[in-house]
Structures are given as C-alpha cells and as structure tokens.
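Notes follow the structure.
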Amino acid sequence: MILKNLTYYDENFQKQTGDIVIENGKFAALGKTDAPGLDMQACTAVPGFIDTHIHGAAGGDFCDESEESLQKIAAYLAKNGVTAFCPTTMTLGEEALTSILSLGARCAGTVPGARVLGFHLEGPFIALSKKGAQNPAYVRPGTSAEFDRLNDAAGGRVKIITMAPEAFDSRDFITHVCTWAHVSVGHTAASYEEAAAAYQQGADRATHLFNAMTPLQHRAPGVVGAALENDRVFCELICDGYHLAPAVVRTVFKTLGRDRAVVVSDSMKAAGLAPGKYDLGGQDVFVDEKQDVARLGDGTIAASITNVFQEFKNLLSFGIDFETALRACTINPARSVGCDAFTGSIAVGKDADLVILNDCLEIEQVYIKGERYGG
C-alpha cells in the first residue's frame with residue numbers, strides 16, 4: 001500500500017512531503033515514488049498515539065477482568081487515534097490483580113483495535129496519605145516476591161509499576177523490579193531526598209506529575225523537584241485542563257525539553273460516555289455535565305475521561321509547538337516503556353502505526369501495523 005502526496009513527520013519529527021510505502025505491516029519506504037497509490041493530498045500523517053496509563057474507557061475497565069471490557073477500551077482508543085496502550089490496574093488484593101493480569105496476558109494479542117504493549121500496575125505499594133482514588137483497604141508494602149508473582153501472571157509483561165519509595169524499605173525492591181519493568185514514583189509522600197534516592201536506584205518515571213505527590217516548594221523540592229531535575233526520568237502529564245493548569249504544562253515542557261514529557265490519559269470507563277455515576281476500583285466516582293473529569297464523592301479528582309489525541313490538541317491550544325506535543329504523545333511514551341524500536345515514530349522498518357489527519361486536525365484514518373482500523 002502506498003499513501004501519496006501527504007505531509008508526514010519523519011523519525012526525527014521533521015515535517016516532510018511525499019509518499020509512505022507500507023509492506024507487511026511495516027513502513028517500507030518514505031519519500032517520492034512513481035508507483036500509484038492512495039492520493040492523500042491535504043492530509044497529514046503522524047505516528048499512532050500511545051497511552052501508557054489508562055484504566056478504562058467506553059464502559060470498560062481493565063479491572064473488570066473481562067475480555068469484553070478490554071475490547072471496549074481497545075476499540076475506543078483506536079477510533080481516537082491511539083494505536084497502543086498499557087492497560088492499568090488499580091490498588092487491589094493480590095488475588096484480584098493476579099486474575100486481572102492473567103486475563104490481560106491471555107487476551108493481549110487477540111483484542112482488535114489498539115494493541116497492548118504491556119501492563120501498568122498503579123499500586124498497590126503506595127502511600128496511604130497520597131492514595132487519591134486508590135482503595136486504602138488494599139494499600140500494602142511492596143515485596144519482590146509479590147511483584148514476581150504478579151509479573152508471572154502477566155506473562156512477564158508488566159511494563160510499569162507505580163510505587164511510593166518511602167512507604168516501605170524499597171531499596172532492594174526497586175533494584176529487583178528494574179530488571180523486569182520500569183519503576184514510576186507516584187502516589188507518594190516522599191521527600192526530595194527519598195525520591196532522588198529511588199531514581200538513583202533505577203526508578204525512571206514519575207506518575208501523573210504534581211498529582212498525588214509532594215509538590216515543588218522552594219525549600220522542599222519534593223518528588224516533583226527530584227523528577228524534573230533528573231535527566232533519566234520520564235514525567236507523566238495528564239493534559240486534560242483539570243489535572244494541571246495550562247501554565248504549569250507550559251512551564252514543565254520548558255523544563256523537560258522535547259524528550260522527557262509523556263502524555264497519559266489516566267482515563268476511566270466513563271471516557272466516551274455520558275455524565276453519571278461510575279465505578280473505579282470499587283469506589284463510586286461521578287462525572288457531571290459541567291466538567292469533563294471524574295471525581296470522588298468528596299470532590300477529589302479521581303481520573304480523567306479524555307484520551308491522548310484530545311490531549312495532543314489541548315497541548316496545541318496551551319501553546320506547545322506541534323513537534324514537541326507530538327513527541328510527548330508518541331515516541332516519548334514508546335521510549336519510556338522500551339518499545340521505541342518498533343513503534344512511536346514513522347521510520348522505515350517500524351510497525352506502520354499511524355494516524356491520518358485532515359487540515360482541521362480531525363482523524364480521517366487510523367492504521368495499526370499497516371491495517372486500516374474500521375475501514
């Protein structure tokens with residue numbers, strides 16, 4: 001298949017004009033070709049968007065332990081330009097997490113729509129004081145043995161675990177987990193020193209920066225300061241306009257540069273649905289008609305109901321330039337979970353995951369491994 005006469009962003013995220021040749025599900029050639037193909041003039045091709053922190057959408061939640069729910073999420077994402085994702089668990093008991101991850105491992109390769117890159121464990125090894133919408137009944141200290149059991153249930157496909165390094169003696173835990181997955185500091189009351197030590201030990205992410213963590217203060221830099229300071233650390237950002245003010249987003253992007261910001265949705269099953277009451281990890285959350293965000297009964301923000309493509313457009317409206325915003329929604333998430341060798345950018349040899357946009361930044365077509373989704 002050849003897509004002709006379109007604008008595209010190459011592997012260096014430089015704007016080009018020409019053709020995209022797709023063979024056997026991969027990008028085979030980029031540039032000009034004399035061969036016939038589909039005329040895509042006035043369209044722009046960008047890499048498929050990637051979400052490394054998402055609980056649910058379209059009425060499905062990964063913690064439902066249901067193939068149907070996973071299918072709902074994958075279909076919703078694909079329709080919205082997200083071609084790959086990490087289904088994310090909540091803080092639950094080990095038996096429940098084992099069942100959820102086992103189901104995920106069985107279904108990951110067969111669910112149509114956005115493909116599963118691996119799994120994100122948000123908890124249960126977090127701080128009670130920063131639990132957010134996580135269920136406090138299941139918060140517990142982390143052990144390497146429990147992580148191993150959960151990773152085995154997931155078929156070795158746990159990509160990220162969010163944890164609080166100060167909540168238990170986590171030094172050996174972090175060292176052990178980092179041989180298998182990426183440790184993300186989050187839902188944490190850690191001091192700057194405790195967070196910096198965790199990053200020194202191998203942690204390399206911050207979960208939804210600023211939310212459910214110690215803030216940046218001029219005499220106590222907190223987790224935010226430790227994450228921003230360390231060039232190894234990828235920082236998750238929820239850019240729905242509620243979790244972070246646009247001015248904060250702009251400031252963080254200026255601090256992180258183009259390679260370390262990772263846009264995530266952290267969305268739950270109400271994404272794509274009408275306002276109402278929904279379940280999140282066994283707790284009731286509410287979406288009203290005035291705000292596009294899910295909250296607990298006490299008003300605490302629980303999760304978003306957005307998607308990464310919408311957040312990409314939000315970034316543009318916040319004043320982030322196109323290339324930087326695109327990187328934060330594609331190649332940076334791929335790099336943050338070690339999947340950039342095969343996805344995250346339009347490059348010869350990589351899987352042909354791409355989104356075709358019209359001049360109004362509306363999605364015209366979505367391709368996953370070279371196959372047009374829904375078309």
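In case you wondered, yes, glycine gets a Cβ from its N, Cα and C as well.
Residues or ranges marked as domain 'Amidohydrolase-related' by TrEMBL: 45-371.
Sequence annotations record features per position, and here TrEMBL assigns Zn(2+) binding site to GLU122, HIS187, HIS208. DSSP gives GLU122 (Zn(2+) binding site) a strand state. Cβ contacts within 10 Å of GLU122 (Zn(2+) binding site), excluding its own Cβ and spanning all protein chains shown: 26.
The feature active site, proton donor/acceptor is assigned by TrEMBL to ASP266. Counting only same-chain residues at least 6 apart in sequence, those with a Cβ under 8 Å from the Cβ of ASP266 (active site, proton donor/acceptor) are HIS53, ILE54, HIS55, THR88, HIS208, GLU236, ILE238, HIS243, ALA303, SER304. Under the DSSP three-state reduction, ASP266 (active site, proton donor/acceptor) is assigned to coil, being neither helix nor strand.
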Revision key, fill the gap. Same-chain residues at least 6 apart in sequence with Cβ under 8 Å of the Cβ of HIS187 (Zn(2+) binding site), in sequence order, are GLU122, GLY123, ILE126, ALA127, LYS130, LYS131, GLY132, GLN134, THR162, MET163, ALA164, THR207, ALA212, MET213
Review point. If you draw a 10 Å sphere around the Cβ of HIS208 (Zn(2+) binding site), how many other Cβ atoms fall inside it, taking every protein chain shown into account?
Key: 25
Review point. Relative to the mean position of the Cβ atoms of GLU122, HIS187, HIS208, the recorded Zn(2+) site, which additional same-chain residues have Cβ within 8 Å?
Key: HIS53, GLY123, ILE126, GLY132, GLN134, THR162, SER184, GLY186, THR207, ASN211, ALA212, ASP266
